[in-house]
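Colleague: Got a structure here, written out as structure tokens. Questions coming.
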Amino acid sequence: MTKYERQGESRKFDPNFKGPIHNRGCTDILCCILFILALFGYFAVGILAWSQGDPRKVIYPTDSRGQFCGQAGTPLEKKPLLFYFNILKCASPLVLLEFQCPTTQLCVESCPDRHLTLVKAKLNSKDHEYYKQYCKEGVDFAKLSTPEILRDSLCPAMLMPSKPFTRRCLPALGTMKGGVVVVGNETTFDGGEGTAVNATDVLEASKKSNVVVEARQVAMRIFEDYTQSWHWILLGLVIAMVVSLIFIVLLRFLAGIMVWVMIVLVILVIGYGIFHCYMEFASLKGEPGADVTIRDLGLQTDFSVYLQIRQTWLAFMIILAIVEVIIILLLIFLRKRILIAIALIKEASRAVGHVMSSLFYPLLTFALLAVVIAYWAITAVFLSTSNEQVYKVFNNSECEYSRETCDPKTFNTSNISTQCPDAECLFAFYGGETLYHKYLILFQFYNVFLFFWCANFVTALGQVTLSGAFASYYWAFKKPEDIPAFPIFASLGRALRYHTGSLAFGSLILSMVQVIRVLLEYLDHKLKGAQNKFAKFLLSCMKCCFWCLEKCIKFLNRNAYIMIAIYGKSFCPSARDAFFLLMRNIIRVAVLDKVTDFLLFLGKLLIVGIVGIFSFFFFSGRIKAVEEAAPSLNYYWVPILTLVVGSYLIAHGFFSVYAMCVDTLFLCFLEDLERNDGSAERPYFMSQHLLSLLKKSNEEPKSVD
């Protein structure tokens with residue numbers, strides 16, 4: 001078998017070929033049916049999750065009876081804070097095992113502001129009402145003695161000065177000179193049961209009680225930042241959209257000039273980033289604590305701390321310098337190919353100019369992806385909060401029923417309370433033993449898998465629609481006379497009517513690889529503390545291989561969708577034809593198509609850089625003119641990072657039109673070279689300018705005769 005036979009047969013001249021074939025049939029019907037059934041199953045999982053889940057579990061703290069503190073429309077609406085009867089018990093290792101302090105927890109209006117024991121409160125009638133707000137309902141100080149109240153865990157033995165922290169009352173810890181830990185300016189105080197409590201012990205207990213809510217604390221602060229800055233973020237995203245649209249319009253009329261301007265501006269923007277990082281690095285020299293390393297600092301919830309050490313700015317400066325050098329070297333080595341790539345972009349600009357509706361198609365893709373992401377996120381939240389309240393026996397003395405499941409409604413009349421007088425039936429965690437809860441992990445996996453499948457399907461639909469429209473432009477011999485009316489709508493209709501199965505097939509293959517990558521990342525997270533170096537090495541190799549596989553599948557799928565849009569074949573034959581066509585022109589693929597992708601990537605980088613720099617100066621309060629307008633935030637990097645990611649997605653959406661246009665025209669151009677020879681009977685469909693550049697670069701097309 002010869003080299004050309006292995007790479008498939010070249011296209012033959014067909015005088016009747018006028019672009020995307022209109023007379024086509026449905027493809028990959030079996031996969032279409034499978035996709036529809038999977039969607040019905042996805043809707044069923046969503047309905048099941050919405051009927052079982054309760055998002056309040058991730059919003060409000062929960063008391064010992066499983067009630068939500070501060071929830072509107074409930075008796076606890078005016079009691080938003082969670083109070084621990086004995087914070088010292090939170091130092092127990094049980095917190096790390098079951099994520100629950102083994103002490104009674106109560107919803108209260110406000111945290112205690114002074115130290116007071118139960119004994120002193122009973123002796124002074126003025127303190128009765130104050131102390132009762134931290135006791136269970138119905139406690140009568142006149143009828144019950146102090147031992148009886150403590151035995152039945154009706155009230156805490158003592159109160160200590162506390163402050164609300166992530167909706168929980170935690171001791172108001174402080175530090176005096178010399179590092180002495182104090183609570184309310186006291187190092188030790190009466191524990192209310194004849195023992196003295198050390199403030200250091202309270203510190204350890206507070207740390208343990210905060211293990212569960214540490215991540216939630218960061219999440220709540222981020223959420224607060226979003227509530228304060230969402231309108232500014234929205235304005236920034238609109239600006240990013242306007243800048244992207246202006247850039248695309250200018251690219252339509254001034255492609256060559258805009259590409260060179262874009263290259264220069266990218267180099268300048270990254271250069272400014274290097275300069276700014278150096279200035280911050282130099283300004284911190286000699287500052288107290290600025291020489292602390294990131295490793296010594298460890299993980300901090302206040303990420304602004306990292307910006308106060310020199311090593312952070314040094315790392316940023318090195319990363320930006322490496323990116324700058326790589327871009328400059330690529331531009332130097334690819335300077336001759338850039339001219340051809342610019343010609344290809346100019347041809348794409350003409351195509352976009354004749355199919356202007358293509359610029360607005362990304363809005364449909366954004367809307368569909370937003371629906372997919374929202375459905376996945378809502379379903380995931382409801383699935384993760386669909387567990388039931390599980391109560392367990394907590395006790396101080398020896399008890400055979402310790403940590404067993406119990407029912408708070410019948411606990412006081414059961415044998416457990418008789419055999420273990422000091423035992424309590426307290427809320428432990430959310431779980432369940434029903435059939436639904438047993439398969440809950442499978443529902444979560446199905447939710448993730450269908451998310452990838454639907455998201456990839458939406459992306460594939462956009463690629464087929466755009467490639468069909470731009471192929472209609474390329475194969476129109478007389479432009480714009482031969483271009484069909486409403487090419488975007490015609491291409492979208494063909495894709496949905498005939499090729500839903502093929503799109504589902506291609507996106508299914510890609511989704512499988514992506515889910516495997518997610519599982520590998522999960523395993524890698526679980527094995528971080530493992531000592532088996534061979535397992536880590538093997539896992540790293542698998543992650544690398546599947547990353548490469550995902551990139552290859554995305555590349556093949558993209559070109560297969562172009563062939564589907566043109567010829568209307570099923571997925572596998574289209575993927576094969578596209579692969580062999582690219583293999584027969586592998587040099588052109590490497591030096592033309594990829595250089596064009598690189599130039600378009602620089603355009604995205606420029607827009608992200610412009611939006612990122614302005615948002616940094618605005619939210620960090622460094623623009624004096626609008627300093628008062630900038631919102632007060634916990635982490636000013638939250639809106640900045642959101643704007644950077646959002647502006648990249650917006651720029652990617654607009655530039656994806658150009659990228660898809662370039663890829664479609666390039667594949668059609670390769671087909672054109674094989675079908676025609678430039679004679680009067682078999683003329684080329686490509687522009688004469690592009691032909692002349694190919695001849696100058698020794699890439700002159702040869703006849704296939």
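Cβ atoms are placed via backbone N, Cα and C, with glycine included.
The transmembrane segment annotation in TrEMBL covers 29-50, 230-250, 257-275, 313-334, 355-378, 450-477, 598-621, 633-655.
Could you tell me the structural context for the features on the list?
Modeller: Packing against the transmembrane segment (450-477) from elsewhere in the chain are residues 17-20, 35, 38-39, 41-42, 45, 348, 351, 354-355, 358, 361-362, 364-365, 368-369, 372-373, 376, 483-484, 487-488, 490-492, 494-496, 499, 503-504, 506-508, 510-511, 514-515, 557-558, 561-562, 564-566, 656-657, 660-661, 663-665, 668-669, 672, 683, 685-686: each is 6 or more residues past its ends and has a CB under 8 Å from a CB in it.
For the transmembrane segment (598-621), same-chain residues at least 6 beyond its ends with a Cβ under 8 Å from one of its own Cβ atoms are 229, 232, 236, 239-240, 243-244, 247, 251, 259, 262-263, 265-266, 269-270, 272-273, 327, 330, 334, 338, 341-342, 345, 627, 630-631, 633, 636, 639-640, 643-644, 647-648, 650-652, 655, 658-659, 662.
Using a Cβ-Cβ cut-off under 8 Å and counting only residues 6 or more beyond its ends in the same chain, the transmembrane segment (633-655) has close neighbours at 221-222, 224-226, 228-229, 232-233, 236-237, 240-241, 244-245, 247-248, 302-304, 359, 362-363, 365-366, 600, 603-604, 607-608, 611-612, 615-616, 619-621.
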Colleague: Rank 29-50, 230-250, 313-334 by Cβ pairs under 8 Å to the transmembrane segment (257-275) and hand me the top one.
Modeller: 313-334
Colleague: Taking residues 6+ outside the transmembrane segment (313-334), which of them lie with a CB under 8 Å of any CB in it?
Modeller: 263, 266-267, 270-271, 273-274, 277-278, 280-281, 284, 294, 307, 591, 595, 598, 602
